Structures are given as structure tokens and as C-alpha cells.
Amino acid sequence: MAGFGGADPASRRLTQALFCGGVATFSELYAVQAVLPAVAAQFRLSVAQASLSVSVATGALALSVLPWAAVADRIGRGRAMRISVVTAAVCGVLVPFSPSFTVLLLLRAISGLALGAVPALAMAHLVEQTAARRVAAVAGVYVAGTTIGGLIGRVLAGVVAGGLGWRWGLAVVGVLVAAAAAAMVVLMPRSGRPREPLGRSVPPTGSPPSGRIRAALRDDTAWVFYLQAFLLMGAFVTLYNLLGFRLVRAPYDLPPAVVSLLFLSYLTGTVGSSVVGRLVARTGRRRLLVAAGAGMAAGALVMLATPLALVVAGLLLATFCFFVAHAVASSWAGQQVPHARSQASALYSLAYYAGSSAVGLLGGWIFARSGWAAAVLLIAGCAGTAAALAAWRAPRDPVPRSVSTLR
């Protein structure tokens, strides 16, 4: 990956640490999704009840991002993220031993609260600690880690559970999460509290977290990136939520095991996020953000076609473009509000998971009542709106002359 090399040792260690943090966070967050039927059978649950094991973690994560931003301002972002991943790893190891579904939900909620630090703080921390010319590249590596984590967690848990049961599936993922968390703790360079640059529009150093949150909310341009998170993540989650229902029905009638392999399309997201630095060098952040949103909308519309090959092609395009847009927007949000980076990044994460919940719910309702085509129009509409907002309100930025500085 381009962001791993070509920098000083501290920057390389930070890049590697954030990659491991992304793997740990999203492996643990989504692994349960692959074993929901087995969990439901074990505890005699309905589908809706079993799904709480996913939603309780993501909901707790969304609620925790702003508190983690406040904690980070006191103890430092690096230290906050180390505490986060260690706590989450302990919960991940304990989940397979849950004697009841209530205990499982409690552990998942604690895990979600802990995991909130990494998505809330990672981008702000890398902006603080990385040279400006390398921010997009390092952000791309972190996002690549999140895609790999989301993929490995689901696939590994599902494969192991198929032979040994859901507890073993989650246990193996728990060991992976613990290893990734340990690597992050070891690799993360030590750093003090965030620096607060001075300027006429910047609140004085030491302003309370509530003041920083207000500053992050008052920045009109930062709202562009919060809305990018809401719209793009909402579209992305809706797409993956509904595609399985589409493909197990006529005219495809694919078995669920084959449909589950579509998670491998996340690998295109890994590629996309890891080359963001080079793409930014060629086009600039604003143009790339607009193109990625438009490309995601186009990919969704391609999936209206009936041939399976076109459906898969559209999925790959939409996935690639989503992760490119996410890498650009998430790093840019922290840079846009330099005196409240933690809060801006936390608000981005809050919008990200709020979009996942709200648009995902709306998409399911539309799919049930109006079918696949109507749901695709919602997905494409969200992505297209994000592209239009970026074209209208995102700041114009100079295009770097050399790609080599971002490798």
C-alpha cells in the first residue's frame, strides 16, 4: 500500500498502527453478522432479536464518538485509542463464552462504546501527526484496514462457524482482534495532547469540549463532509443490506452461501482507499470526492440491469467509489476545523453511523413496498446528492505537482 512507505519512521509506525486499529475495530464490529442464524437458534430468538447483537454495538459506537473526543482532548488521541482497542479486544474474547443472550448484548454494547474511539479519533490524529502532503495517503491506508477488517471478520467467523459452531467462529475472530489491538498498541508512536493552532477564528487553547463541538458544528464547510458521511454510508449499507434479498430470488435464485461471497467485493474498497493519495495528487480532493460520489451512483444504477455480470460489475464500482470518497471526506473533515479536529472527526463518525441506521431502515421499507428498482433509486439518489453537495460547497484545493510525495 502506498501509504506504508516513503516517510520517516514515526510516520510509518503511525500508518501501520492505524491500519491495525482499523482491522481490529471492524473485524469485531461486524463478525457477529455472519453468525446471526446460529445465534438465533442457540438462544431461540427471532431474526429481529438476533440482529440486536449487531445494532447494539453500532448504536453504542455512535453514542460514544463525542465522549471519546472529549476524553482525547484530556489524555491525548493516541492514548485514548490504545485504551479503546484493548478494552474492545477483552470484550471480543469474552463474547463467545456468553451464557445468555443478555450477557452477549451487554458485552457487545461495552465493545461498541470502546470501539468508538478509533473511528472518532483516527483521522484527527493522523492529521495532527502527519505532514499535510501525506494525509490522504495515510488516511487511505487506515480506511483500507477498516475494509479488510470488515471483510475478514465476516468471512472468518462464517467459515469457522460452519464447521465448529458460532462460538468458535467468534473466538477465532476474537484472537485476531486481540493480535491486531496488540500490534496497534506497540506501533502507535507516543504523543502528547493535541496541538491547538492559534488564529483569529480559533478558540483559545484549553476551551472546553462543548465549545469545540460548537465550533465544529458552526463551520459551514465541515457540514459538507458530515453530510457526505450520512449520505454515502447510508447508500452503501442499504446496498449491501438489500442485495442478498435480491439475489436469492428469481431470476437468480442463488444459494445464501454464494451470496455471502459478495463480501469479497470489499477488496475493491481496499484497493480504492489505498490509492487515494495518488488519485488526490492527480485530481485534487474536491474533484475526486465529486467523481467518487457520482461513480457510486452510476454503479448502483448499473445494478438495475438483469444480467448477473452487470450486477456484480455495478457492485464493484459502487464499492470502490464509496471507499475512495470515505477516505477523502473523513480526512478532510478533521483538516477543515483545525482547532476542533477531534470533535469534527467525531461528528463525521456520528453522521456516518446515523446514515447507516436511518437510510438503511428507509431502504428496507422501500424495498418491501416498491421493489429493487425503487431501492436502487434511493441509493443512487443519496450518492448523487453527496456528489452534488461536494461540487457545490467543498473547498477548492490545489493539485499537488508530484505523485511521489504521496506514496
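Each Cβ is built from the backbone N, Cα and C atoms, and glycine gets one as well.
Nobody curates TrEMBL annotations by hand; they come from automatic prediction.
If you check TrEMBL, you get these features:
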DOMAIN    14-398  domain 'Major facilitator superfamily (MFS) profile'
TRANSMEM  47-68  transmembrane segment
TRANSMEM  80-97  transmembrane segment
TRANSMEM  103-123  transmembrane segment
TRANSMEM  135-156  transmembrane segment
TRANSMEM  168-188  transmembrane segment
TRANSMEM  222-243  transmembrane segment
TRANSMEM  263-281  transmembrane segment
TRANSMEM  288-305  transmembrane segment
TRANSMEM  311-334  transmembrane segment
TRANSMEM  346-366  transmembrane segment
TRANSMEM  372-392  transmembrane segment
Report summary line: Comparing 47-68, 135-156, 168-188, 288-305, 346-366 for Cβ pairs under 8 Å with the transmembrane segment (103-123), the winner is 47-68
Query raised in the report: Which residues of the same chain, at least 6 past either end of the transmembrane segment (311-334), have a Cβ under 8 Å from a Cβ in it?
Result: 123-124, 126-127, 135-136, 138-140, 142-144, 147, 222, 225-226, 228-229, 232-233, 235-236, 239, 243, 247, 262, 265-266, 268-273, 276, 279-280, 285, 288-289, 291-296, 298-303, 305, 341, 344-345, 347-348, 352, 379, 383, 386, 390, 394
Query raised in the report: Residues of the same chain, at least six outside the transmembrane segment (222-243), with any C-beta under 8 angstroms of its C-beta?
Result: 216, 259, 262, 289, 293, 296, 300, 303, 315, 318-319, 322, 325-326, 329-330, 332-333, 336-337, 344, 347-349, 351-356, 358-360, 362-364, 367, 372, 375, 378-380, 382-383, 385-386, 389-390, 393-394
Query raised in the report: Apart from its near flanks, which chain residues at least 6 from the ends of the transmembrane segment (346-366) lie with a Cβ under 8 angstroms of it?
Result: 55, 58-59, 61-62, 65-66, 68-69, 116, 119-121, 123, 213, 216-217, 222, 225-227, 229-238, 241-242, 329-330, 333-334, 374-375, 378-379, 382
Query raised in the report: Under 8 Å, at least 3 Cβ pairs, sequence separation 6 or more: does that hold for the transmembrane segment (80-97) versus the transmembrane segment (168-188)?
Result: yes
Query raised in the report: Between the transmembrane segment (168-188) and the transmembrane segment (263-281), are there three or more C-beta pairs closer than 8 Å, counting only pairs 6 or more apart along the chain?
Result: no
**Report entry** Long-range Cβ neighbours of the transmembrane segment (372-392) (under 8 Å; 6 or more residues past either end)
**Finding:** 224, 227-228, 231-232, 234-235, 238-239, 242, 246, 286, 289-294, 296-298, 300-301, 303-304, 318, 321-322, 325, 329, 359, 362-363, 366
Report summary line: Tertiary contacts of the transmembrane segment (135-156), defined by C-beta under 8 angstroms and 6+ residue spacing from its ends, are 1-4, 11, 14-15, 18-31, 33-34, 119, 122-123, 126-127, 169, 172-173, 176, 180, 260, 263-264, 266-267, 269-270, 273-278, 280, 285, 323, 326-328, 330-331, 335, 406-407
**Report entry** Confidence summary for the domain 'Major facilitator superfamily (MFS) profile' (14-398), mean pLDDT rounded
**Finding:** 82
